[in-house]
Structures are given as C-alpha cells and as structure tokens.
C-alpha cells in the first residue's frame, strides 16, 4: 500500500514538472521571430509574411523569375459608410509603366457566415437533415465597385462568384483582369463586398491579421531607365539644407552648392580626373607600369622620389594639411592596391544615405566599384574592347594630344531585390538591375 502511494505521488510530481516545462518552452518560443523574416523585421500579419517569402524568393532567383520585377501589395481598408460592410483598396500607386502580369486577392473566411440550416442541422440528430448539409465547399460572391474621388460609391464594375473550400485558412482569387481594367480606366479606388450565397457577410473584420489584401505582379518597363532607383526610393534631396523635402528632380541640386572650377568641369568631360595641385606626383613615381617593371630606374629619379618624401619639398595644400607620417601611410596604402583595373570593395548602408526609414530589406549590400589604370599594354584580365585597345595605343604613342586612357568601368553587374514601403505605406518589392558590380573591364 505504501509503495503504491509513493509511486502515485512520484507520477504526479513528474506530471507537474513536465507540464511546467512544456509551458515554459511554449512561452519562450512564442517570443521568437518567425523563421526567415527575423532579419527584415516585419510584422507577423499574413501580408507581411507573404511579402517576406516573396523577397526571399526574388533574392534567391533574381532576374530568372518570370513574374516580372515588381510586386505591389494593397491592404484593404474597412468601411461601412455606404450602408453595408465593404473593403476599400487604394491602387493609386500602381504606375502606368508597370505592366500587370498577375493579381491575386487574399481573404480569410468571414466568421458568422454559416446559414440557419447549418446551425439547425448541427443541433439536430436526424439523418435526413444531415443529408441536406452542404459539402465542404462554399459559394462566395465578390462584388467590386469603383469609388469616385475616394468618397462616392460608383457603379458595379465586376461581379464574380466562386466555390471555395470551407476549411481553407485563406482564400485566393485571381483578379488579374479586374486590376488590368482598373489600371486601364484609371479607376484606382475600388471597393469590394463579400457575400455567401444571397447573404452578405455580417461580421466586419477590422483586425489587421484578418484584412484582405491584393498582390499585383508587374513588370516595370521604366526600372532600367537612368536614375530609376532614385525616382522610386529617394524621398528628398540629399543636398537640401537641414534634410528638408525638395521639390526638385532627384538628379538636381540646390543652387547654393559650392561651384567647381571650370578646369575641373573640362577634365570631367574628357574622362580624366582633375589634377590635385597640392600633391602632384608623376606616373612613374606612384606606380611602375607592367612593361617597365624590369627596367632599372635612374639614380636621378630615385633621388627625386626621396626628395618627395621630404616635407619641405611638398607644396602646401590650400585646404588640408597632413603630417608626413599620415602622408606616408596614405601613399603606402595606395601602392599596395592593384595597379590594373579591377573590382574594389564597397559596402553601401542605406542608413548612410538616409533611405533606411522606408527600406525594410536589405539594410545594406555589397555594391563594389571599378578602379585602376587601363594603360598600354592592357592585360587580358581587364577584357579590353577593341576600341579601348586602340585608344590605349594612341595614348601611349602621344601623337594626338588630349586623348585620355580608356576607362575602368563595370562589365558585368548583378541585380538587387529591395523590399520597401512606398509613400502610401504599402509594401513594395522591386528587383533593380545593375546594382552590384561583378567584374570590371577597360572601355
């Protein structure tokens, strides 16, 4: 008897310990971010999670996707001012340059839509009543209307009835033709009513996790245009004083900026960097060209180089003054870099350029850049074009003055997927081309 009593207490204690441990584990895991979206800091509602998965897919597959380069999301806004519950969508951010490829409506089964027959048969035990029960599918009608000036409810535009599975967590409806018509007719404010058979939904969902949303997959024809990323992501002029909003075009700057010398402007037109007057070095002093590496330098030039390291022989800078130790480190760092045209590392943080407030992901990316000389003879590794080869020969011969060396420029580039909020706080996913340098060449 005592043994059985002890075993009973022991089993009860084990049960309580396991129960407490299970609750502790559940409480801990509930605080963890969803898998795969912790790095982009999204909310846990279905729309945010859906866009997070699309971002991961587009980042993984890049330009190989057949779904275009743009995904726009539109969350429904509940509205009951027109008598019956409905949802409004503001599609005004959809651009004319974005060719709609596909559009889907996502909505949850509305609660309280069960008919009186369903409730009666659930309480009844008659087999005849159960035979009259509907199947696991449900007829749902979607009525779309235009909204004039975002206030007056317009005429009915689209009416579609479909059969959905009752046990589905979320329903998905293809509304590509509806969105295409709305874009073509510029009816970018639309409303939607959901009805079950002849009865409209009586439960009005205002919970963000239950609100319907629309995803539009489009191909933006203007995304490859010059300065396209600034047109979509730059919200203010970075050169504007005090960071205020600017009404100028993204590629213009205030008139109050410091004007450069005309000689600098002339040098920028011929692909040459402006001369640094306070620290002039000849090409032979900074670098040994590849075809002169085995040639012994004369003592005169060596003496000249040693003299350059003397602080007294360095001309004074009109802007900045550095001690000799700092200058030696800078020159040593410059000499350590590869002489030939090549890809150099550059990491861009969107916070540094003031875009982090609306860019969700990525927070930063490896952009790289191209730098280096394209002198004759050019190595095969820089993949020079025929024109660049001829230009380098003409430059080396020197028979035509003013001809610059070929430029070190990106040859192959990769795209970058960016998930951000537009000015209407809608989540947008775009795949911008030519965002990261993969290789460089002389052109």
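Positions of Cβ are set from backbone N, Cα and C atoms, glycine also.
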Range annotated as region 'Disordered' in Swiss-Prot, from 297-317, 318-338, 339-359: 297-317
Range annotated as region 'Disordered' - as stated in Swiss-Prot, picked from 61-95, 236-270: 236-270
From 159, 434, the one Swiss-Prot labels N-linked glycosylation site: 434
Candidate disulfide-bonded residues 370, 374, 408, 442, pick with smallest Cα gap to residue 434 (N-linked glycosylation site): 370
Spatially closest candidate among 90, 341, 408, the listed recorded positions, to residue 442 (disulfide bond) (Cα to Cα): 408
Subset of recorded positions (90, 370, 374, 440) lying within 10 A of residue 408 (disulfide bond), CA to CA, in sequence order: 370, 374, 440
From 90, 370, 374, 440, the recorded positions whose CA lies within 10 Å of that of residue 341 (disulfide bond): 370, 374, 440
Alpha-carbon distance [residue 90 (N-linked glycosylation site); residue 440 (disulfide bond)] in Å: 44
Packing count at residue 341 (disulfide bond) (other Cβ atoms within 10 Å of its Cβ): 28
